[in-house]
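Notes follow once the structure below has been shown.
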Amino acid sequence: MGAGGRMTASERAAQEKSEWAAAGVRADSNQVKKSPTAPPPFTLGQIKKAIPPHCFNRSVLRSFSYVVHDLILSSAFLYFALKWIPTLPDPFHYAAWPLYWVAQGCVLTGVWVIAHECGHHAFSDYSLLDDVVGLVLHSALLVPYFSWKYSHRRHHSNTGSLERDEVFVPKKKIVLPWYSKYMSNNPVGRLLTLVVQLTLGWPLYLAFNVSGRPYPRFACHYDPKSPIYSDRERVQIFISDVGVVTAAYALYRLSTLFGFWWMVRVYGAPLLIVNGWLVLITYLQHTHPALPHYDSSEWDWLRGALATVDRDYGILNKVFHNITDTHVAHHLFSTMPHYHAMEATKAIKPILGEYYQFDGTPVFDAMFREVKECVYVEQEDGSEGGKTRGVFWYNNKF
């Protein structure tokens, strides 16, 4: 048991393995203990009552302390890159830059998560403050804050729905492109899929709604008239665009002063790391053989919110402000600040029982496993009362 009586991610992984063993399922086998799909025997209110009330309190000072902490770390890494790396002798000089990219990218992913928290109104009790902080932080990472805030809110409102979820919406086998069979059935194809997804997935989603839900016309996060948004949201989409353009112009000016490749080394490469982590974290939170998806005949909000999985990223759990290993609690109570999420997760697990999903598989092993096994969804076999259920599970058989 971790400090303060909290269970660590490693301890939770061990507990999960023992639970699988008790159920007759080997943790290292290809069998998966699927999440229940029947309506849960508990309500959202009952889950909330199990959580200590202070977990829902948002502190401006505490939230800002994480912003300051991350920005100090980021500044320290930047100082190291600018002042110390150029002084290193030749093989070390070239090896040091990738280390900087990874470290800076991980820290800036934490900054991204805090801005995400602002979008959920989990940063403070003041919506305007949340939006100002979120707009500044996300714009600095070239993210259209309000645009993503509203589409992400709809993701939370429709998680697990095949028709209305907003991101990483799985496809049915019948609508897969012709090349899917060849890409998913060999290691090279799967590796290529991951490379494209982790490098281009985020900008393609923002610009072209790739992996998002289908809309009747072209959908783009930068377009105030996009079908993603309602009329009352369109002015804020424009504000998001102004934020991104302002940040891009500042980067352009720095590039004219210090050079294009200086900007790539200092900012561009870490930003690619941020985008890669963002896509991978979201993908693994919602893609797992144990997670169901539902069509409109079966979906409801609570079962959809439970169709997500906590993961173990080791030390990066803390760097990413525990968005990785407390995602189930986050989907249930998205206005809860991240610094209370571990305590809340521990409190809700006895209530959720087998509806709670945690997978302690090492992240990169899980990444390759899910891209192999979770290719499309197909409807659950069997029927109830002569009516086929609208429950879908991942499959990879062609």
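Glycine is no exception: its Cβ is also placed from the backbone N, Cα and C atoms.
According to TrEMBL, the region 'Disordered' annotation covers 1-38.
TrEMBL lists 18-73 with the feature domain 'Fatty acid desaturase N-terminal'.
Here TrEMBL flags 64-82 (among others) as transmembrane segment. Same-chain residues lying 6+ beyond the ends of the transmembrane segment (64-82) with a Cβ under 8 Å from its Cβ atoms: 96-97, 100, 103-104, 107-108, 110-111, 114, 133, 137, 265-266, 321, 338-339.
What TrEMBL records for 94-115 (among others) is transmembrane segment. Long-range contacts of the transmembrane segment (94-115) within its own chain (CB-CB distance under 8 A, at least 6 residues past either end) are made by residues 63, 66-67, 70-71, 73-74, 77-78, 80-81, 84-85, 88, 123, 133-134, 137-138, 140-141, 143, 145, 265, 269-274, 276-278, 316, 319-321, 323, 338.
Feature annotation from TrEMBL assigns domain 'Fatty acid desaturase' to 96-357.
According to TrEMBL, the feature transmembrane segment maps to 127-148 (among others).
Look at TrEMBL and you will find 188-208 (among others) tagged as transmembrane segment. Residues 143-144, 147-148, 167, 182, 220-222, 272, 275-276, 278-280, 283, 367-368, 371-372 of the same chain lie 6 or more positions beyond the ends of the transmembrane segment (188-208) yet place their CB under 8 Å from a CB of it.
The transmembrane segment annotation in TrEMBL covers 235-252 (among others).
Summarising the annotation, TrEMBL assigns transmembrane segment to 264-284 (among others). Packing against the transmembrane segment (264-284) from elsewhere in the chain are residues 78, 81-82, 97, 100-102, 104-106, 108-109, 112, 141-142, 167-168, 197-199, 201-203, 251, 258, 309, 311, 320, 323-324, 363, 366-367, 370: each is 6 or more residues past its ends and has a CB under 8 Å from a CB in it.
Counting same-chain residues at least six beyond the ends of the transmembrane segment (235-252), those with a Cβ under 8 angstroms from any Cβ of the stretch are 135-136, 138-140, 142-148, 150, 221-224, 226, 229, 263, 267.
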